Amino acid sequence: MHRFRKDINGLRAWAVVSVVLFHFGVPGFEGGFIGVDIFFVISGFLMTGIVVGRIEKSDKASFWKFDVLDFYLARARRILPALTALCAGVIAAGGFILGPADYTRLAAHAAGALAFLSNFQFWRETGYFAPLAHENLLLHTWSLSVEWQFCLALPIALLVVWKIRPGRKFLGSVVLAGLAASFILSVVVTPKAPSPAFYLLPTRAWEMLAGSMVYLHQGKNTLSHKGNTIIERLGFLLIAFSVLAFDSADLWPGWKAIVPVLGTALVILSRNGGSLLSTTRAAQWLGKTSYSIYLWHWPLCVALVYTGTQGQIVPTASAILLSLMLGWASWKLIEDASKRSLLEQSRARQFALIFLPVFLAISSSLYLRSNDGFPERLAGTLPPEQSGLLSIPLPANGWCFYSLDAVKTLKVGPEGLDCHIGDPAALKTAVLFGDSFAGHNIPFWDRVGKHFHIQVHAVATSWCFPAFDRTFIGPTSSPAYEQCLINREYVKNNLARYDYVVLAGNWGPIDKRGLMDSTRAAIDAIAGLNKTVIIMQAPTRFDKNVRSAYERSLLLGMDFSADEISASGDGMAIRAHRALADYARSKENVHILTRSVLFKNTYQTSEHIPLMADDSHLSILGSLQSAGNVLEAAGEETDFDAFLKTLTLPQPGESSSH
């Protein structure tokens, strides 16, 4: 088992090339994310080989006390030095390029990565206000956390099973049962809860256990060299098919992941150490440096996003080349050097030399987080009256948007309905109803309500687009779903209390998911009661976090313009807006606040301060400025009904782009 397997090293090359080219957006590698699945199978095979090999050599009690620790130490020696260097590097760089919120988040991610808990972090952060994946410098560490968690459980589990009944036959049966259970769980959970299915070990363990099964049964492979060559080529064919046939729209892992997993298992089973598909010098070099290349390539992907050069040929090619260079340097100077040095030390000294830097890095990260990313770094770069207005309106900054997705301490219940803004003494009343796109408009309706003398009741929570049925665009396992049902039931049963019903939602994804009929049904019910309906178009969806880009420009002393940021993903919102406008024409009492009225074709102030809190949500500043634009359009008019009559619906085919 300890003999070096050139074919497995070559498989690592296939894995890392697939992942790297996928992340850099190289055409033809849309399914390259399956490289992670290849790594999982390889890890399961190698870990099982080490553990079972040691079990078979010794049944002594000393195994539990010493050998398991040796196994953990070997994994730490392999993984932690380079990972610690990566985290230290991005934390150091982050101080120069990241705003306070992003720097705080990075510090938390660095601590999570080094504690091998980052997969839990990224799972829990999935939601409306999660940072864009391609702007998260340590997102790729989730797979290392999954592997480490498997590594912790595997030797203990195998030892317990072996103690119950020694021998590979029974052990193989138990491993197969675990594989089947994890695979079934993955198939069932992936379509219902894709985020935990993607990030968590229970739905990923079967991939590593597939590698375990290969190790336990490789001795039964009695095929000839020709037969093994055939199954090896079939395995590589399945891997290549996965890269070409799958893409990021596929829910993963699910049943489709069996294709690259089976392909990898077949390649390992074939034991073809002379194959041109895996044993060339290039493949061996890439396999040898694959871990370090994997570590360092992703921050370079993020750097392209930060600089707005993603998708451009020369910057992308340069970043890929730099990934290879950094990977080689990391392997040579950190991976290989630390391994050689550590192996000369006692076990206690090895633990100290490995984990002391980890402890210092985690402590530094937690210190950064506790200091909110040192916001004083931006001191003097923002007008004092606007520095606190760049966030989404939440209870922490004085607003009452009830987002259980963003504020984990909030509880499901009627208290989520307690949000009253505008003119509290006014006779006219309105309800602002919807998801986070209603929530970010709470400052807007506070200002507009005061001007037009309207009491406004905001009923909004994340994911909860305007509808009266049980359809939901987010995960139904989220507490936001329970709150959404409360919100909808309340609004449906209390429509008679309001003169105006304002609907705001993330219309693009709603329309794309085929859920707009639920909103239309709600509008029909509201309009049927002779209530005035106001639909708010959503802001432009940008390709990057606009606030983060602005703060980076301040730190780097660069010019900034929100209106120059690309918005290639905004098409679905434009189509949804057109569909809503077409529907509104058939209703006498349905009005639309368009982007042109709300934003006057710009998403920044005259001082070039952006109106966006992220890629698609308004900040408090943006919400207030859009209210100012509406009041400017209203002029001296204080009668809201008279103002609504001045609004014109977009004409068929009219664009609502930014």
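Each residue, glycine too, has its Cβ placed from N, Cα and C.
TrEMBL has this to say about the protein:
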DOMAIN    6-328  domain 'Acyltransferase 3'
TRANSMEM  9-26  transmembrane segment
TRANSMEM  32-55  transmembrane segment
TRANSMEM  79-98  transmembrane segment
TRANSMEM  146-164  transmembrane segment
TRANSMEM  171-191  transmembrane segment
TRANSMEM  252-270  transmembrane segment
TRANSMEM  291-307  transmembrane segment
TRANSMEM  313-331  transmembrane segment
TRANSMEM  351-368  transmembrane segment
DOMAIN    417-625  domain 'SGNH'
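Sequence-distant contacts of the transmembrane segment (171-191) (same chain, at least 6 residues past either end, Cβ-Cβ under 8 Å): 48, 52, 158, 161-162, 197-198, 202-206, 209-210, 212-213, 216-217, 251-255, 257-258. Here the transmembrane segment (313-331) does not lie next to the transmembrane segment (146-164) in space: the count of CB pairs under 8 Å, restricted to residues six or more apart, is fewer than 3. Among the recorded stretches 9-26, 32-55, 79-98, 146-164, 291-307, the one sharing the largest number of Cβ pairs closer than 8 Å with the transmembrane segment (252-270) is 32-55. Counting Cβ pairs under 8 Å to the transmembrane segment (351-368), the top-ranked stretch among 9-26, 79-98, 146-164 is 79-98.
As a quick check, the transmembrane segment (32-55) and the transmembrane segment (291-307) miss the bar of 3 or more Cβ pairs under 8 A, pairs 6 or more apart, so the two do not touch. Beyond its flanks by at least six residues, the transmembrane segment (146-164) meets 39-40, 43-44, 47-48, 51-52, 55, 63-64, 68, 71-72, 75, 79, 116, 119, 170-171, 174, 199-201, 204-205, 208, 212 of its own chain at Cβ-Cβ distances under 8 Å. Taken together, the residues of the domain 'SGNH' (417-625) have an average pLDDT of 95.
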